[in-house]
Amino acid sequence: MGVWLNKDDYIRDLKRIILCFLIVYMAILVGTDQDFYSLLGVSKTASSREIRQAFKKLALKLHPDKNPNNPNAHGDFLKINRAYEVLKDEDLRKKYDKYGEKGLEDNQGGQYESWNYYRYDFGIYDDDPEIITLERREFDAAVNSGELWFVNFYSPGCSHCHDLAPTWRDFAKEVDGLLRIGAVNCGDDRMLCRMKGVNSYPSLFIFRSGMAPVKYHGDRSKESLVSFAMQHVRSTVTELWTGNFVNSIQTAFAAGIGWLITFCSKGGDCLTSQTRLRLSGMLDGLVNVGWMDCATQDNLCKSLDITTSTTAYFPPGATLNNKEKNSILFLNSLDAKEIYLEVIHNLPDFELLSANTLEDRLAHHRWLLFFHFGKNENSNDPELKKLKTLLKNDHIQVGRFDCSSAPDICSNLYVFQPSLAVFKGQGTKEYEIHHGKKILYDILAFAKESVNSHVTTLGPQNFPANDKEPWLVDFFAPWCPPCRALLPELRRASNLLYGQLKFGTLDCTVHEGLCNMYNIQAYPTTVVFNQSNIHEYEGHHSAEQILEFIEDLMNPSVVSLTPTTFNELVTQRKHNEVWMVDFYSPWCHPCQVLMPEWKRMARTLTGLINVGSIDCQQYHSFCAQENVQRYPEIRFFPPKSNKAYHYHSYNGWNRDAYSLRIWGLGFLPQVSTDLTPQTFSEKVLQGKNHWVIDFYAPWCGPCQNFAPEFELLARMIKGKVKAGKVDCQAYAQTCQKAGIRAYPTVKFYFYERAKRNFQEEQINTRDAKAIAALISEKLETLRNQGKRNKDEL
């Protein structure tokens, strides 16, 4: 017999069932939401190269093409592919680190390549230690470091790129130490390749700071590549003889530079001319390279006790004719790389600064200083000995300090492990610690950027909590790749905003208490302190966008609305006023992503559309009254009419500044004139006004996107130049006569009063501000011509 439940019991039991279901469902979700780093088997500190290598290994193992009998293969591969797509992208990685997968709702991915792609096309040079795969954020710093770079721009799907790969690897091994060999994957870094003018693959370019890039056009053999590279290597080999020997040696020794000399005699082997040239390039600025023909310089060779062919390194101050009692290094190898490594290993270490003189030395010069504890770990990398030479022209001295000799000094600088830092000539007050790669080109780029920027390392003693001047503080962790990528941009921004804002960085792995005090929950978190006001930066990691953010703080482009001001400014707006309003909530991630784009859009619409935002967390009742049901809700309030209160809601997929701007401008009344063949002839070709014309076709997508921009241009030049539009679908003959071959085409028709006729110029940009600037420049030229003609009369 069944048991009847009363209504209250039924509702109570139903709630329990639903609660149990939700608990089980959430447990399943948590169980399946695997950490992206764990999926790929990498740490949170993994570099882009390590992430690519880990993904490739898994892709070859788990790809559905290799597991046709596994029904879960597709789903399993999608998970690791998703993890890779997110972690390889700097912006997505930052979102994931900060918000988890919820922060990636607008970036769902879901596509992957065939197994053959991952086996043969993916990460072509990731396993080659002599070849450095460069990414956009590090490219400029690398090629401007002062070293010579030869870079291969390739595409994974390009057959010629794969044909070149074995030769490029052999070439890289051949010239290792002579110059840097790089590679750029244009499939991953399309923007970088476009910026560098790369439009075919493979494209090979030589880069050196201070000179224009040089493209290689020869055949792709190793010998031809070596020959081309050697043309750009700075190498001078001196033939030594009785007439120049003493002066050459003494001059070099006085400058602290030694000599590598190969003596060529009848017996034994001396270095070939090609090997000597390569060594000269590899040791440029560190050691002079020379050779001596003992057949013609017999007495000189005998005085040096040289009786057979040999090669020797003479350090500064060596006694040349007494090889038993000094540090002359005789070399048995004939291989350039082996000789290079042995010579550079024997070069003296950097100057060791003492605790007593440290403050004074740092106060009078700019220094790159290595901190070590007892043994100098940097001596294991002989390449770093090039730093002194490569930083000489930047007036940066290079030294080291042993923290075990004065622990208090390092503790006060918050140096607790081997590190390097730049000191900017003001003692220990102004310095910046390096958090990048411990390799030559990265250290060079850091040193040059840091001494010329205004970023300082912060600690409790100099944290600007109550400073009267505004500060931008970057809270970061050294293990976080997006944090490291942001640091060079902060240095650039500090130069752009010098005198307006101070810049500092705070390492949250060292100063955990300070970071907790300011509730720092993700890295990097960038905050502007302006006395009692604190503003968190949410934009992209670029100097330009940081500059925009600061400018917006000083001169806000978006009106922060309250229910009262919304009623006064928006609801009761003047007849000819229009508004765009963002209804948002601070906890909403898409709202946070939108905010910098919203501000950027507002700056471009100044004087045309009023832009505001209202916090629906603070004014929840008001937003409910306005029927705001989701965040962010973007509304356009058109000019007031006799109609009831109305607005347009934005339903577009893209919430970037450009898309929102185009959408808003589309509601404004047309200012330009629609022209027919008759009016085009009468007003433009036979009239006496300047005209800018948009030739378009209604079916053309780019034309539709450009239409609001052209209306913005029409408003900007109103009163100076008239703006018109010609429909080339309706009036094909008119457009044909005007020489129109693509849509949209913009032409400027300017009336020359002196000649009483029209001239025309095609404009090759679709940016309203740029077009307006070009037109203003042309009008100024016409005015100056008119003045000169009057003066001549």
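Just so you know, the numbers here start at 1 and follow the chain as drawn.
Cβ coordinates come from backbone N, Cα and C, glycine included.
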(request) Would you please say which range out of 630-633, 670-673, 758-761, 790-793 has the annotation motif 'Prevents secretion from ER' in Swiss-Prot? (result) 790-793
(request) State the three-class DSSP label for Cys700 (disulfide bond), counting H, G and I as helix, E and B as strand, and everything else as coil. (result) coil
(request) Round to a whole number and give the Cα-to-Cα distance in Å for the pair Cys700 (disulfide bond) and Cys480 (disulfide bond). (result) 45
(message) Just to be sure I understand the packing, how many Cβ atoms besides its own are within 10 Å of the Cβ of Cys483 (disulfide bond)?
(response) 24
(message) When you rank Cys158, Cys161, Cys591 by Cα distance to Asn530 (N-linked glycosylation site), which of the disulfide-bonded residues ends up on top as the closest?
(response) Cys591
(request) Answer yes if the domain 'Thioredoxin 1' (130-232) and the domain 'J' (35-100) have at least three CB pairs under 8 Å among residue pairs 6 or more apart in sequence, and no otherwise. (result) yes
(request) Measure from the Cβ of Asn530 (N-linked glycosylation site) and count the other Cβ atoms within 10 Å, all protein chains considered. (result) 16
(request) Determine the minimum-neighbour residue: among Cys700, Cys703, listed as disulfide-bonded residues, which Cβ has the fewest other Cβ atoms within 10 angstroms? (result) Cys700
(message) A 10 Å Cβ contact count, applied to the disulfide-bonded residues Cys158, Cys161, Cys480: which residue has the minimum?
(response) Cys158
